[in-house]
C-alpha cells in the first residue's frame, strides 16, 4: 500500500510563508513517514515468516502448474547434463531460470518444458509434441546418445512448484509373513529413470504418468477454494509407438498393461516414437509446511542416534582418561618442579620442564604455518555458521543452491578472521614481512582449491556437461576472491599483526637444546595414525550419509545431527592433540608447532582411506573422467578437513602448552 500526496492534503494553519529550507525539511520528513508507513503495512500484511524464495503459492482450479526440468544425473558418471541435451520435446520458446551461484556450481539448468498441467484437472493421455499423426523421428546420432545415457543409468529430474519429482518404490521389509501381506514399505527415488536395458536392448521411458497431490486450504465460504501442491510423483512407462493410439486432438489411448510392448531404441538406425503423458490429481492431508518430509524422511535415523551416542561415549571416555592421567600427572609434575629442594632428582624423572627454554622457539617456515592456520580459522568459522544456520532450517533443499552459495560467500567474508589470527600468530613467531604473509594467507589454500577445480573443470567442459562452471561464473568467483576475500584478509592481518603478540610465559634460550633420540612410536606418521583414529571414529557414520548425498544425488538434511557431530569432532581433536603434545614434550622434543598441526589432522588420512573404500564398494564408476572427478574433489575435501582439524588441534595444544609452563616456577 503506497501513501500518495493526495492523502496529506488536510488544511494546516499557516502563520508565515514557508521558506525553501522548511519546504525541503517537510518533504524529507514526509518521505520518511511514507517509508515507515509502507513498512508497517508490509509487516501487517505478512501472515507468517517464510524463508526468502520459498513462500507457498496458492492455486485456483484450472490455474497452470508449471513443470520445469532441472538436469539429468547419474551416480555412475558424476556428470550432470541439461535436459535438452537429449532430443526431448521442446516448447515454442525455451526459457532458462536465472540461477544463483550454488545452482550453477551444482550443474542445475532449470528450464521450462511443454507439459501442460492445470490444477486439479485430470488428463488421461496426451501427446507431448504437437503433431500426433507424425511421430518424433530420432536420428542415428540421437539414438546412440539416448542409448548411451540409458546404459550409464541416467535419471531425469523435473520440478513442479519447486517440488522435485520422485518415483515411488514399494517393497516388503523383513517382517513376519503375516505382516507382509498387510503393508508394504514405501521409499522414494529422486527423479525417474531415463530408460532400462534388457539384455543388449535399450528401452526409453516415453510415457510419464504424473501423480500430483494437493492440499485444500481453509477459506471462507464466499471465497473460491485454493490449493497447494504437496507431492509430485511419476510412474515412467515405455510404450511402443504402435500401441499408442493418438488422434488429431493430441489425445491418446494407453494400451492394457499386460499387452503392451516397450519402446525400443536401436542405436544403429533411426527410431520413431511418441512422447506422451497423463496427469492425475489426489487430495492429501499433508500440509504445505510438511511437503518435503517425504523426500527427507530417512529410515535409518536410529543409526544416527546410535552413532551420536557412540561418539559421546567415546569422547567422555577420552575426557575421563585425560582428567585422570594428564591432570593428575601435571599436578604432580608442577608440585615437584615448584619445590626448591631436590630439584636435580625431579628433573631426571620428567622431561617437559627441561625444554622450557626451547618450547616457544619459532619453527621453520612460520609464514606458511600461520597462513595455513589462518585458512583453517576461515574454514572453521564458515562451517560452524553454515551448519548452525542450516540446523535452524534456513538452508533447506527447497532453497536450491542456498547451501553452496552461503558457504562460498561466508568463506570470503570470514577472511577477516583468518587474517587476524594468522597475523597475530605470525608476529608471535617473530615474523616481520606482514604484507607477504597476508598475501600468502589469502592465496595459498584458495589457490590450490581454484587450481584443482580449474583442471577438473576443463575435463568436464570436454564432456559438454552442465556440471562445468561457465566462464562468466569463474570470472565472478575470481572477482569475489580478489575483490572481497583478499582485501578482508589484508585488513584482518593488519590488525592482527599490530595487536600484542601472544604472551609466552617463558623466555627462549639463545642456543637450541639438543633433542635426544626418539623412540619409534614418536615418529610423525605413527602419531598421525594414533591421533586420527579417535576423531574419525566419532564421525565416520555421518560421513557415509554425507558421501551418499554428494555422490549418489541424495538429499542431506540432518544438520542437527551434523552440528552435534561437529562439536564432538572439535572436542576429540582438541583432547587428542593435548595428549600427543604432552607425550612429545615429555620426550624432550620441543619441535611441536608443525608436528601438532600435522598430527591433529590425522583423521583426514582416515577420511581418504574411507573415500577409497567407498569408491570401490559403493560406487559403480569405471570410466577415467568420473574417477578423476571423484578423487579430485575427494582430495579437496581431505585437504580442507586436514586444515580444519589441524587448526583445532594446534590452538588447543598451544593453549595447553602456555598453561602448563605458566604454572611452574622457572629460575
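Indices start at 1 and increase along the chain as displayed.
Cβ atoms here come from the backbone N, Cα and C positions, even for glycine.
Small disclaimer: the values here were computed from a predicted structure and weren't measured.
According to TrEMBL, the protein has these features:
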type     : residues : note
TRANSMEM : 305-327  : transmembrane segment
TRANSMEM : 371-395  : transmembrane segment
TRANSMEM : 401-426  : transmembrane segment
TRANSMEM : 438-462  : transmembrane segment
TRANSMEM : 474-497  : transmembrane segment
TRANSMEM : 525-551  : transmembrane segment
TRANSMEM : 557-585  : transmembrane segment
TRANSMEM : 597-616  : transmembrane segment
TRANSMEM : 628-657  : transmembrane segment
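Of the Cβ pairs linking the transmembrane segment (371-395) with the transmembrane segment (438-462) and spaced 6 or more residues apart, 3 or more are under 8 Å, so the two regions touch. Here the transmembrane segment (525-551) sits apart from the transmembrane segment (474-497); fewer than 3 CB pairs are under 8 Å, leaving out pairs fewer than 6 apart in sequence. No contact links the transmembrane segment (401-426) to the transmembrane segment (628-657), because fewer than 3 Cβ pairs that are 6 or more residues apart lie under 8 A. Counted over residue pairs separated by six or more positions, the transmembrane segment (438-462) shares at least 3 Cβ pairs under 8 angstroms with the transmembrane segment (628-657), which defines the two as touching.
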